[in-house]
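Visitor: This is the structure I have questions about; it appears just below.
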Amino acid sequence: MSILKLHAREIFDSRGNPTVEVDLYTNKGLFRAAVPSGASTGIYEALELRDNDKTRFLGKGVSKAVEHVNKTIAPALVNKKVNVVEQEKIDKLMLEMDGTENKSKFGANAILGVSLAVCKAGAAEKGVPLYRHIADLAGNEDVILPVPAFNVINGGSHAGNKLAMQEFMILPVGAENFKEAMRIGAEVYQNLKNVIKEKYGKDATNVGDEGGFAPNILENKEALELLKSAISKAGYTDKIVIGMDVAASEFYRDGKYDLDFKSPDDPSRYITPDQLSDLYKGFIKNYPVVSIEDPFDQHDWAAWKKFTASAGIQVVGDDLTVTNPRRITKAVEEKSCNCLLLKVNQIGSVTESLQACKLAQTNGWGVMVSHRSGETEDTFIADLVVGLCTGQIKTGAPCRSERLAKYNQILRIEEELGSKGRFAGRNFRNPRVN
């Protein structure tokens with residue numbers, strides 16, 4: 001079934017900034033997709049086209065991207081009469097029309113909006129759930145329910161506190177299924193709220209962009225202590241492990257790192273990559289930290305390689321790899337990390353996201369599907385993580401509706417799968433796919 005009509009508009013993301021939404025019509029009905037947006041972005045990401053008109057939305061409008069869909073992409077796809085199940089063919093058409101390496105002509109936000117809507121329409125055309133259609137596109141016979149990585153303490157560019165490291169996450173790997181993982185996550189979250197309130201006062205329980213708490217603490221170790229205390233109070237010490245997203249590129253200064261980067265600049269407090277690595281190893285030794293994302297700057301290849309070789313945990317590339325096959329290939333060759341963070345808007349199409357995932361998995365890496373800090377109510381990544389069988393997803397705390405929208409969709413998928421549903425659990429890094 002081909003596309004009858006395609007229409008894009010400006011809507012608002014969870015930070016109140018404009019983003020692109022696309023409506024796609026076939027004989028099966030209307031299929032809608034919205035595009036997310038990040039705060040700490042890797043410099044190698046595909047280009048998110050903003051208007052840069054300072055008189056409108058402080059330059060963050062997306063009317064140009066919307067216009068590219070409505071004036072150029074829509075007529076071309078409608079005229080071509082391509083069947084919506086042909087995801088790769090449609091994505092390739094858009095990439096050829098754009099003609100740039102980083103999608104700077106149309107904007108990755110324009111191309112992705114259409115690509116996501118096409119994928120949803122393709123599932124309906126085949127009469128299967130979206131996760132099943134994605135599994136088919138990826139060549140997976142099985143589907144797997146992921147372990148959620150709840151970002152319950154926010155720092156870095158996601159919060160107005162002094163904390164340098166961006167995310168402190170809990171992963172309920174000991175849960176029996178996704179539903180229980182949600183319960184464990186929610187109970188620890190409520191316990192954490194009480195722990196923070198008792199220690200720092202009620203206003204310390206305000207939440208950051210992703211629904212996690214953002215108490216005004218400076219020491220990263222203090223965040224881990226808060227987690228340890230909340231996990232213990234909830235009674236889940238044996239069922240939860242900890243993950244971190246350091247987003248170290250945000251505080252990289254002249255070959256060193258500034259763990260107090262939100263204060264006035266003072267080079268005397270900068271630490272070396274080796275000192276930072278030792279700090280992480282202390283965390284791994286003293287807390288159940290099993291996953292660290294972006295421990296070093298996106299250009300600090302030597303530090304990544306050294307740490308991954310010696311840390312013995314999951315080391316996740318985000319700013320380093322930006323869901324880009326060329327960057328992933330380099331990271332594989334350099335042995336820089338062992339897990340890919342998969343963000344559809346970093347690369348800008350469903351087909352390329354699937355290729356990035358396959359490339360990582362083929363090389364023995366884990367893959368973690370991820371939201372962005374500026375999100376919408378769109379739930380595409382919930383189906384994506386199940387269909388790609390990656391076994392792990394991070395889409396915020398169990399708080400804020402744009403985060404829960406994804407988790408709730410996975411709950412529905414688990415219910416629908418019934419006895420066929422397999423939960424990744426402790427095998428989240430490398431779930432067995434039949």
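In case you wondered, yes, glycine gets a Cβ from its N, Cα and C as well.
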Visitor: For the Mg(2+) 2 site that Swiss-Prot gives with E293, D318, which of D238, D245, D378, D383 also belongs there?
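Guide: Candidate in the recorded Mg(2+) 2 site: D245.
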Visitor: Out of K330, K335, K394, which one does Swiss-Prot list together with H158, E167, E293, D318, S370, H371, R372, S373 for substrate?
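Guide: The record-listed residue among the candidates is K394.
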Visitor: Counting distance between Cα atoms, which of the recorded positions E210, D245, S370 is nearest K343 (active site, proton acceptor)?
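Guide: Among E210, D245, S370, S370.
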Visitor: Distance check, please: Cα of R372 (substrate binding site) against Cα of E210 (active site, proton donor), rounded to an integer number of angstrom.
Guide: 9
Visitor: Cα-Cα separation of E210 (active site, proton donor) and D245 (Mg(2+) 2 binding site), in Å?
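Guide: Taking the Cα atoms only, E210 (active site, proton donor) lies 13 Å from D245 (Mg(2+) 2 binding site).
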Visitor: What does DSSP call E210 (active site, proton donor) in the simple three-state scheme?
Guide: coil
Visitor: For Mg(2+) 2, what surrounds D245, E293, D318 with a Cβ no more than 8 Å from their Cβ centroid?
Guide: Q166, E167, M244, V246, A247, I292, D294, V316, G317, D319, L341, S370
Visitor: Just jot down the residues in the same chain as D318 (Mg(2+) 2 binding site), at least 6 apart in sequence, with C-beta under 8 A of its C-beta; none if empty.
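Guide: Those within reach of D318 (Mg(2+) 2 binding site), by Cβ under 8 Å and sequence separation of 6 or more, are G42, D245, A247, E293, D294, L341, K343, S370.
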